[in-house]
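J.: What TrEMBL records for this protein is below:
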TRANSMEM  B:141-161  transmembrane segment
TRANSMEM  B:173-191  transmembrane segment
TRANSMEM  B:203-221  transmembrane segment
TRANSMEM  B:254-272  transmembrane segment
TRANSMEM  B:279-300  transmembrane segment
TRANSMEM  B:339-359  transmembrane segment
TRANSMEM  B:371-391  transmembrane segment
TRANSMEM  B:397-421  transmembrane segment
TRANSMEM  B:428-449  transmembrane segment
TRANSMEM  B:469-497  transmembrane segment
DOMAIN    B:543-649  domain 'STAS'
Number of protein chains: 2
Amino acid sequence: MGSLAADETCGVQEQPDVEDSSRAVRAQWVLNTPEPPGAWRELKQTVFHRANKLRSSCSQKGVSKCVLSVLKNIFPILHWGRNYKATKFKNDLMAGLTLASLSIPQSIGYASLAKLDPQYGLYTSVVPPLVYSLMGSSREIAIGPVAVVSMLLSSLVQKVIDPVADPTAYRNFVITVTFFAGFFQAVFGLFRLGFLVDFLSHAAIVGFMAGAAIVIGLQQLKGLLGIDHFTNKTDVISVMQAVLRSLHHPWSPLNFVLGCSFLIFILAMRFVGRKNRKLFWVPALAPLISVVLSTLIVFVTRADKHGVKIIKHLEGGINPRSVKEIELNGPHVGEAAKIGLISAIIALTEAIAVGRSFASVRGYQLDGNKEMVAMGVMNIAGSLTSCYVATGSFSRTAVNFSAGCQTVVSNIVMAIAVLVALQILTTLLYFTPIAILASIILSALPGLIDFNEAYNIWKVDKLDFLSCIGAFFGVLFGSVEIGLLVAVTISFGKVILNAIRPSMEFLGQLPGTDIFCSTNQYPMAVKISGTLIIRIHSSYFCFANANFIRERIMRWVKEDSEEGEEEVNGNTKMRAQVLILDMSNLMNIDTSGIIALEELHKELVSRGIELAIANPCWNIIHKLKLAKFVDKIGGGSFFLTIGEAVNTCLGSKMVNLKI
Amino acid sequence: MGSLAADETCGVQEQPDVEDSSRAVRAQWVLNTPEPPGAWRELKQTVFHRANKLRSSCSQKGVSKCVLSVLKNIFPILHWGRNYKATKFKNDLMAGLTLASLSIPQSIGYASLAKLDPQYGLYTSVVPPLVYSLMGSSREIAIGPVAVVSMLLSSLVQKVIDPVADPTAYRNFVITVTFFAGFFQAVFGLFRLGFLVDFLSHAAIVGFMAGAAIVIGLQQLKGLLGIDHFTNKTDVISVMQAVLRSLHHPWSPLNFVLGCSFLIFILAMRFVGRKNRKLFWVPALAPLISVVLSTLIVFVTRADKHGVKIIKHLEGGINPRSVKEIELNGPHVGEAAKIGLISAIIALTEAIAVGRSFASVRGYQLDGNKEMVAMGVMNIAGSLTSCYVATGSFSRTAVNFSAGCQTVVSNIVMAIAVLVALQILTTLLYFTPIAILASIILSALPGLIDFNEAYNIWKVDKLDFLSCIGAFFGVLFGSVEIGLLVAVTISFGKVILNAIRPSMEFLGQLPGTDIFCSTNQYPMAVKISGTLIIRIHSSYFCFANANFIRERIMRWVKEDSEEGEEEVNGNTKMRAQVLILDMSNLMNIDTSGIIALEELHKELVSRGIELAIANPCWNIIHKLKLAKFVDKIGGGSFFLTIGEAVNTCLGSKMVNLKI
């Protein structure tokens, strides 16, 4: 239970007899609470909650309706599809086409970031969005390849297989990783393990994304400068060394000029779009325009003969099957599973953050576990059709939203448009310069770096900022894995630190009320002479903090008795005769905690101080009874509120309570 | 702050105007609390607490008194030594001699357990107790080698250096480990890192000790059966295989007969001592009697020629210097530091548990950090004088206590007695059979296995029992390290589980009072129609639980609105219009938590439900202000108590509150 540290004996005094008897009744309430549910029962309830709910709803409705409701649950499109209207479709069509015009160049760019052939990016913009539109419940999210996951995949996979030496093995491995990522995502959703995604705190994600953006940007120097020999490492130092090394070799400045001018063009268009909200389609179309223009320029001037690197071969046609490419019993299957798990978590983190923030703008709620299942199935389907890991893209979702999408149908429109492009446009992309892909990727990066949010985090919580900056520098100077590890370690370090070093406070009475609260937070609260009222700021009194709490309380008791002796002439303050432990905040206790309580009790008794316990919760009173602690200190030492404890204990010591 | 979920408007109603204005004043108290101390200031306070205290006390008293007080603080013997009287010495002398008679055979036995020559056990019973008696503050603890640490050392060190192939290198390594153990212990104490010792929960220690006792017992089969070729591994399966293998070779049953008969003798004497408390010295003397008797038997019958294994060489004299044996720049220094750290923690865990439990019987308090410094210095001094890791022994401390020791002088008496034995008796121990050492070790083991406590842990806390049994089986079937790792992992898993899956409860009003408490714990509490009052059972609203909490609250809100619609005909219950979040238990929030609160607020607004926050603590209100959350939901949504929140919110919605 918890915060009820006040009793009803205020305002006008009731008759003493009634008062005493009702207090006795309430003390019995504390001691005779019903038994809390066992650990096993609680576990069962959590795990089978959904199954039970389903069974009960099925038994009410009948089988056929039940099947329909299950189907609607799995495929939300069955639910909202019935009310889908032509007006909505008009909006979705426009949004979908805008989305496609941005998706096509970005997909090609991200595929090159993942060190795959350009068509694999396009494939990934076809099947996953179609599957998601059947199963997903977000209305705005835009599915497809994203920068961070592409970079993550290439940086992790190329440690196992070299993409230059053996591109086929590399591609097969990426597809296997995609399968595992989908599998893990689906498992997370089915077994309600969504909390695994929460292991990355908001602050860590902000830091990680910013670090990843810089790392991705540095990787683009390869395309932008037209460098042949580049490093496989992703940290700043290795990349800068590789760039400096390559500048000594002959390189074509044409690549750089071409890439930079179109980068400036795209950024300028974005500026236009930001100034006038109605022109949202200008920045969305800019990448496609850049691709078309630059391809034309190269085609007309044959600049590829003067050192401008071009895509050259781009295979068209619809997604080929890739069931046979998934290697579940190869030598690297363990590595593939590990990389799949990391990408699954990063992809989910991004998709759920994106989906949730737009859902909250539109005022509806996303079910995290359901979303994970949808993501998982979409990536498994993707791994069977030559796609790599897809997720919700932040930049494209924002475009989709501003373009006025109504439902996930805009994703279907986009997927069809990309499919058409795969059939028709691919031969036209032969002359597209690689530097343009680099500038398209670069133009998407500023959205990943959020200075404002980092500043807010610093302002609100310094420790949170530490995990933000830890993830940032980890990615920048170590690797993606090190960045993630640093972030998770710092985050959980905080949780554990919070558990092992709980703060404790003295409580006082607010004047004119029977409310007891912290004398630090409320300076007007008055400490009651002859008592020490202490509240422990922890929810778990356990091995990790029991001795710390016990020692600090005893130090305070000692200090109080020393002060009391000194000030006794001034007659201002009496030495504490009662120590009231407010247990409102404690939710659980373990055997180490109970032993510490017993020791505390003994030490207090040896100093002639009485121990009273106010407001112990369900679990705690139950465990204290089992451990016979209640028998040891006596049931009369347990109270429902601090006020009752003060009145009873000081009353029995014949001390006047009037403040 | 915390549990003050009641207001003063009870019993007889006050005048509404006064009431409203005082409520407004109190709401201002919530919003205008003083700023909490920053993270940096709190850290500084904790670390420099002692230095500040010392400085302030020195400036009061003058320098010479200050130096004396510091010295008294470091060497408690200066404090109590002045009042030491002859009557106390008589008791200490008796206790010290009893202790020595038990220490001499046990030290030899534990040295053989640590795979060192017997005299090293005796050395370890001389210098460390002398150093401890100067610096330690426990009065009952008996310092010397103990079974678990000896076993731990041999099992870890022999993985690095083989004690049979190179006994000198092995011994030097053990002494280096001892130096590191002392160093780490002193560092823990000086930097107040005592919490590192708390990483092993009570339950884990119970399981670990029981597992270690069985492992030690199995190791004694070697001596008891007189086996030559034994395994170096400590797990049950390897040891049983080694025993079975060796039974196929010729072995002398005489060892077994001798060992078993004296084991039975020692156990019988212990039974006598337990029946009659006055005969406490009988079990304490039994091991020494066994050694003397068995040595005489072997000497007279020359049983060593019939296969009885004997100690043979035992070097006498006082502890030799061993400064040069400490290898701080050898190839294995990293390993030595690691093993030193593990032994330091295990040794401290045992010593502090022992010291604390006897101190609590006598009604005084031990300062954990000071004890650690004393243990550290004593082991560093030990490592310079050919000792291995010493700590407080549970069995010998109990003997010391029953023999009536008054101060740590009994340790000095014991050390001198052992020193005398080293000078005189060592040549007499030539014929002592090794099987007797095994039986002395075996006889000390039952004290390490505490079935009662294990049963109590099972009864009180099932998860705690899991870490107990995990440590037990980890030691038994894995190794000492695996057992420790399992115990620490399960213990911290519990802390983290507690943080990521906090429970939440509905609150109701106790009839006749203005106390709000859990409707599960107090079935008599009445839910207030038109409101949902929810308390979160966690002290840290952070990334790890924010989404879980938000989703569960929204599920409850949804269920409530569904129920509300169904039951509206019966007119029994109104749909909730206000959600009151009781924040009494929350002590901290991070940016992920604030984002979850913002999302919760938006979702509630979209359902037309008002969000009210009762009793936020210092840190939280401060951070919510910094993050502009207070501005977003309005300062009027913050209340000091649940009662005020209920009255204000329902009052503004024109709903009658009368239950």
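Using N, Cα and C of the backbone, Cβ positions are placed for all residues, glycine too.
So that I understand the layout, could you describe where these features sit and how close they are to other parts?
T.: Outside the transmembrane segment (B:173-191), and at least 6 residues removed from its termini, the chain residues within Cβ reach (under 8 Å) are 114, 116, 153, 157, 160-161, 197, 322, 325-328, 330, 332-333, 336-337, 339-341, 343-345, 347-348, 369-384, 386-389.
For the transmembrane segment (B:254-272), same-chain residues at least 6 beyond its ends with a Cβ under 8 Å from one of its own Cβ atoms are 223-226, 279, 282-283, 285-287, 289-290, 293-294, 297, 303, 306-309, 433-436, 438-440, 442-443.
Long-range Cβ contacts of the transmembrane segment (B:279-300) within its own chain (Cβ-Cβ under 8 Å, at least 6 residues beyond either end) map to 98-99, 101-102, 104-106, 258, 262, 265-266, 269-270, 272-273, 308, 310, 399, 402-403, 428-429, 431-433, 435-436, 439-440, 443.
Tertiary neighbourhood of the transmembrane segment (B:339-359): same-chain residues 138-141, 146, 148-149, 152-153, 156-157, 160, 176-185, 188, 196-197, 199-200, 205, 365-366, 368, 371-372, 375-376, 379, 389-394, 397, 401, 481, 484, selected by CB-CB distance under 8 Å and a gap of 6+ residues from either end.
Packing against the transmembrane segment (B:397-421) from elsewhere in the chain are residues 77, 80, 84, 88-89, 91-100, 102-104, 107, 122, 125-127, 129-130, 132-133, 136, 138-143, 277, 280-281, 283-284, 318, 354-355, 358, 361, 447: each is 6 or more residues past its ends and has a CB under 8 Å from a CB in it.
The DSSP breakdown of the domain 'STAS' (B:543-649), given as helix, strand and coil counts, is 63 helix, 14 strand, 30 coil.
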J.: The domain 'STAS' (B:543-649): mean pLDDT?
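T.: Result for the domain 'STAS' (B:543-649): average pLDDT 84.
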J.: For the transmembrane segment (B:469-497), I need the partner stretch with the highest count of C-beta pairs below 8 angstroms, choosing only from B:141-161, B:203-221, B:371-391, B:428-449.
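T.: Counting Cβ pairs under 8 Å, the winner is B:203-221.
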J.: Mind pulling out the one from B:141-161, B:203-221, B:371-391 with the most Cβ pairs under 8 angstroms to the transmembrane segment (B:428-449)?
T.: B:203-221
